[in-house]
Amino acid sequence: MFFSRKAEPVAQKVAAILANYFSVSTDETLLWCSTIEDSRSNASARDAGSSDKSQTVQVTLPFCMNSQLAHLKDVVISELKSQLKSEFHSAQLVFTTQITSQHTKLPPITNIKNIIAVASGKGGVGKSTTSINLAFALMKEGARVGILDADIYGPSIPIMLGNTNDHPESEDNKHMQPLEAHGLVANSIGYLVPQDDAAVWRGPMASRALTQLLNETLWPVLDYLIVDMPPGTGDIQLTMAQQVPLTAAVIVTTPQDLALADAQKGISMFEKVDVPVLGLVENMSYYQCRACGTKDYVFSRDGGEQLAERHGLPLLGQLPLDIHIREHGDAGTPLLIGAPESPIAASYQEAARAISMQLAFTLSPRENSNKHIKGDPIGVVGS
Ligand SMILES: Nc1ncnc2c1ncn2[C@@H]1O[C@H](COP(=O)(O)OP(=O)(O)OP(=O)(O)O)[C@@H](O)[C@H]1O
């Protein structure tokens, strides 16, 4: 078996179909497509006097979308069948995922391809809930994901992961093993110090804690590390955004005017430090009555959409105010784990795919993109 470097006609057709599907250029999608020729089948085809070549087109997507791959494959195969004279079997099209490490101004952290800050201008809008569910949603879509709870003033990730009594282990007193819950690797200031201690830290100590957590954790190879930022847009958040090699940021807001004004400040803060904002997630967009299905727009309507439009940013998702989101978070089994087949879980996954695609389509790959990927350290501690 060998890989062909130049795109064979079938691979070119696949690239054109994908370009149309994702509304990007064929130049981009051609980079995803390669042809694998099975020399054994070719030999047997020749023996049988046939000139048929057994070619497999391999598509390596630079973003994750596992839940949609079967549908995408159906679309490509049915288009190909209408375009090709010869037969093309479904087994001749293979999809894989290889998330690219995107450029950052600061040098990358070992093993982490992309660091995504989830931030909100205002407290209590559901930033941590959104962070954890997006992390699991990205995982479900096929990415390797970790979460870092940088919310020094109210670390809630340990509660949402149901492992508040666990502590990261260290063999050399310098580095920590991250904890693992439901397959997600995590670290949080909440695992290390009593909450009341961290809550009185001043700015420099708080941002030093974040860089230490980031640098001293033995992260396995991760496509995405989600960083749950402390709420607000003050000096502490600005320093954190400056000191960490953030690939991009996602802003969480409710549709309410008050929250939107603060979300706007969040966008400006990341712009100031040259961290691209991928888009907005609107949380608590509406409440849907379980008895009659009526939607109430408790915190106003479509504010996130309008703010996104004003800044030319995508609205990555709209999540309802829903009792299950809160209950599953409190129980240590976030919605994506506790109710993975629910429509709300599907909405988080849609937002996760949008984030992954935004990263792949709007940012530039890092030079020497894999130099900092050293491989998984031995033994991640499970809970
Ligand atoms: N969409 C939602 N539906 C129902 N409850 C939600 C939703 N989003 C968040 N919550 C609940 O609202 C509360 C605050 O959420 P969360 O801790 O995620 O907010 P936060 O913005 O991270 O807060 P902080 O500013 O304190 O860091 C939690 O009890 C959480 O379970």
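Each Cβ is built from the backbone N, Cα and C atoms, and glycine gets one as well.
All TrEMBL annotations are machine predictions without curation.
Features of the protein shown, as given by TrEMBL:
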BINDING   G121, K122, G123, G124, V125, G126, K127, S128  ATP binding site
Shell list (ATP; ref centroid = CB of G121, K122, G123, G124, V125, G126, K127, S128; cutoff 8 A): S120, P231, V252, T253, T254, A259, N283
Sparsest-packed among the binding-site residues, when each Cβ's other Cβ atoms within 10 Å are tallied, from K122, K127: K122
Number of other Cβ atoms within 10 Å of the Cβ of G121 (ATP binding site) across all protein chains: 25
V125 (ATP binding site), number of other Cβ atoms within 10 Å: 25
Where G126 (ATP binding site) falls in three-state DSSP terms: coil
